[in-house]
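Q: One structure, as structure tokens, below. Some questions next.
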Amino acid sequence: MNDLEKKFYELPELPYPYDALEPHISREQLTIHHQKHHQAYVDGANALLRKLDEARESDTDVDIKAALKELSFHVGGYVLHLFFWGNMGPADECGGEPSGKLAEYIEKDFGSFERFRKEFSQAAISAEGSGWAVLTYCQRTDRLFIMQVEKHNVNVIPHFRILLVLDVWEHAYYIDYRNVRPDYVEAFWNIVNWKEVEKRFEDIL
């Protein structure tokens with residue numbers, strides 16, 4: 001036995017009030033997304049961790065394949081939402097274009113910010129079913145990549161560093177935009193917190 005503590009996931013507070021992203025994301029939409037959906041991933045991940053803990057302590061068998069698949073889904077959802085809340089902010093403080101090293105890399109790898117925005121938006125709009133558009137950085141090639149993640153855990157490239165994410169699950173926008181995902185994606189650009197995204201990038205260079 002050792003005295004190391006086993007920790008579990010917790011729902012974080014948002015870095016802004018629930019009405020801070022209006023009119024682009026309503027208070028109602030953000031509240032439900034955070035308190036219900038993000039909380040569900042916290043609960044799902046913790047339930048799987050406890051199930052695995054109990055099986056190990058009692059030396060009983062579990063369906064490892066099913067448990068690990070479900071765990072990756074819930075943990076992926078938990079982590080991606082952490083990035084999502086952090087890379088948004090009030091429209092009067094956010095939006096526009098990035099600056100500094102991130103702007104230089106976007107121009108290097110995409111040709112222009114306009115081209116990057118177009119490709120990222122296309123990745124978000126065309127994601128099949130539920131998923132995410134994700135801007136990442138590959139240290140091996142010193143390049144920015146766009147990933148189109150299905151659900152929370154499919155098409156994720158290992159070891160790529162996450163910079164910017166956009167949730168395109170219907171629960172992220174249906175109250176405000178119904179089934180018109182392109183309008184939601186367009187509105188997202190008004191609330192991107194580029195200072196936070198730039199900080200994420202600078203921290204890994």
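Each residue, glycine too, has its Cβ placed from N, Cα and C.
The Fe cation binding site annotation in Swiss-Prot covers His33, His81, Asp167, His171.
Walk me through the surroundings of each of these features.
A: His33 (Fe cation binding site): 24 other CB atoms within 10 A of its CB, across all protein chains. Secondary structure from DSSP puts His33 (Fe cation binding site) in a helix.
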Q: These are the binding-site residues: His81, His171. Which one scores highest on other Cβ atoms within 10 Å?
A: His81
Q: Name them in sequence order: residues not among His33, His81, Asp167, His171 whose Cβ is within 8 Å of the mean position of the Cβ atoms defining the Fe cation site.
A: His34, His37, His38, Phe84, Trp169, Ala172
Q: Below 8 Å Cβ to Cβ and six or more residues apart, same chain only. Which residues does that give for Asp167 (Fe cation binding site)?
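A: Listed in sequence order: His33, Leu80, His81, Phe84, Trp132.
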